[in-house]
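Okay, structure first, notes after.
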Amino acid sequence: MGIWLNESSVDGFILLGIFSQSQTDLLLFSAVMLVFTVALCGNVLLILLIYNDPRLHTPMYFFLSQLSLMDLMLVCNIVPKMAVNFLSGRKSISFAGCGIQIGFFVSLVGSEGLLLGLMAYDRYVAISHPLHYPILMSQKVCLQIAGSSWAFGILDGIIQMVAAMSLPYCGSRYIDHFFCEVPALLKLACADTSLFDTLLFACCVFMLLLPFSIIVTSYARILGAVLRMHSAQSRKKALATCSSHLTAVSLFYGAAMFIYLRPRRYRAPSHDKVVSIFYTVLTPMLNPLIYSLRNREVMGALRKGLDRCRVGSQH
């Protein structure tokens, strides 16, 4: 334990990153920074629109504002540190910094997974029980859904952070990743991690497969309700409200399951890094675009906001 305290907590770790100093990687880094900027602006804009426009004060948009907040925190937890390391050439991260990054990352990914699952239930209630929707999805229920998503995510983050940080690290300090992610960090532990691997797998099964099963069940029922609708217009409208959510779910769950639910022998650091870029930077950028560009109410609120700005600047 003394070695661990001296070596890991004092020296921290070295993040090998995803980019070298080559011309191609400089171009890729610029692309990631552009995506980060779009994600930042898109999510802030969506939160402000939902907060300011009374027409968007509905359960679906409340959940969407929470999703945007999670995405905003997720990109800010990872990209700024990665950018500083790349631009300064210093690739170090302190032991505490690594723990904080793990805690935030696991909490936010866990919360987002649960929220996406519960948003599918919201769509099911809206389409299958439209008359009871205001009662079934009251403000109290919405707050409970959002609160439980955050609470379970944060609990998962704390469990994984405490477990990962209590392992002894006395060998290599080089993490083959661009941020502190538990599977990459575990490779450096100089103790038997099989118990922790089992805990990690159990957490991931609960945090990914539970909401995923809610999504599958909700959409199976939605499909049943849509097929029973007599008017083609109603069917089209029902499917349109679900398509945005289904796109977001496919992107998020596809990447998360690829990383966490594969057997260890099939894991390659290069694959993990590319897929991690996908759901730590790309998905947070795509979510506001998916939900706003394909949504009449959000585009209407945006136009209203821009008109207000134009009128304000003319006075």
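Using N, Cα and C of the backbone, Cβ positions are placed for all residues, glycine too.
Here is what TrEMBL records for this protein:
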- 42-291: domain 'G-protein coupled receptors family 1 profile' (DOMAIN)
- 26-49: transmembrane segment (TRANSMEM)
- 61-80: transmembrane segment (TRANSMEM)
- 100-121: transmembrane segment (TRANSMEM)
- 141-163: transmembrane segment (TRANSMEM)
- 199-226: transmembrane segment (TRANSMEM)
- 238-261: transmembrane segment (TRANSMEM)
- 273-293: transmembrane segment (TRANSMEM)
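The transmembrane segment (238-261) and the transmembrane segment (100-121) are in contact, since at least 3 Cβ pairs between them lie under 8 Å (pairs 6 or more apart in sequence). At the 8 Å Cβ threshold, with sequence separation of at least 6, the transmembrane segment (141-163) lacks contact with the transmembrane segment (273-293), having fewer than 3 such pairs. Counted over residue pairs separated by six or more positions, the transmembrane segment (199-226) shares fewer than 3 Cβ pairs under 8 angstroms with the transmembrane segment (273-293), which leaves the two as not touching. For the domain 'G-protein coupled receptors family 1 profile' (42-291), the model's pLDDT averages out at 87.
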